[in-house]
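First the structure, then my questions, so here it is.
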Amino acid sequence: MSSVSLVASAELPTPWGVFTMTGFKEEATGKDHVALSMGDITTDAPVLARIHSECLTGDALFSLRCDCGFQLQAALQRIAKEERGVLLYVRQEGRGIGLLNKIHAYHLQDQGADTVEANEALGFAPDLRDYTICADMLKLLDVKSLRLMTNNPRKIKAMEKYGIPVAERVPLEEGKNAYNEFYLATKAGKLGHMLHD
């Protein structure tokens, strides 16, 4: 049984082109998730894809504390350039701890904690995201395999585990700046992200 149900689809014009926006409802939590796709993603050729966890601060409020907003825009631009691909926008704010807890974590980071230490000080694991819903979204969209834009090895392992082969990892290093250098170093050093700078 799928962890999500497909609810509706509509066109979504963006600065990079017109995507198809597909809405999903997560059965266990009632959360809404979205896929933005372009072109025919149902063929056997691996699909350029991004699994993007919601980040209100980076995606909508232009925060420089993370690389999320930069990655979101770059992923949509790359999909539009290829005229084929899919981006999953998954409602797992703050690596799954939620917006208000993320603000608490930011406060601890302002005091010197890194992103992992801040989550742990609040009683959370460093990363609470569940990628089962992503695999189920892709299956409902009839996506067979991915060229996954990610620096996170957990996403690759999760897709493979849940039956979505990853033919290629496409690096997505965007938006490094003075405000997020420590954050990116922690992602590489403590969370195993594949970053080169």
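Just so you know, glycine gets a Cβ as well, placed from its N, Cα and C.
Just lifted these from Swiss-Prot, have a look:
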ACT_SITE  D127  active site, proton acceptor
ACT_SITE  R129  active site, nucleophile
BINDING   R50, I51, H52, S53, E54, Q71, E93, G94, R95, T115, T150, K155  GTP binding site
BINDING   C55, C66, C68  Zn(2+) binding site
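I'm curious about the neighbourhood of these features; can you describe it?
D127 (active site, proton acceptor) carries neither a helix nor a strand DSSP state and counts as coil.
The Cβ neighbour count for R129 (active site, nucleophile), using a 10 Å radius over every protein chain in view, is 20.
According to its DSSP assignment, R50 (GTP binding site) is in a strand.
Neighbour count (other Cβ atoms within 10 Å of the Cβ, all protein chains): 24 for C55 (Zn(2+) binding site).
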I need the nearest neighbour of R50 (GTP binding site) among the recorded positions C66, C68, D127, R129, using C-alpha distances.
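Out of the listed candidates, the nearest Cα belongs to C68.
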Looking at the recorded positions listed here (C55, C66, C68, R129), whose Cα lies nearest to that of E93 (GTP binding site)?
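Closest candidate to E93 (GTP binding site), judged by Cα separation, is C55.
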Can you name the recorded positions among H52, E54, D127 whose CA is within 10 A of the CA of C68 (Zn(2+) binding site)?
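Close recorded positions: H52, E54.
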Whole-number answer please: how many Å between the C-alpha atoms of T150 (GTP binding site) and C66 (Zn(2+) binding site)?
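Cα of T150 (GTP binding site) to Cα of C66 (Zn(2+) binding site) measures 15 Å after rounding.
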Tell me the Cβ neighbour count for C66 (Zn(2+) binding site), meaning other Cβ atoms within 10 Å of its Cβ, over all protein chains shown.
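Its Cβ has 20 other Cβ atoms within 10 Å.
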C66 (Zn(2+) binding site) to E54 (GTP binding site): how many Å between their Cα atoms?
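Cα of C66 (Zn(2+) binding site) to Cα of E54 (GTP binding site) measures 12 Å after rounding.
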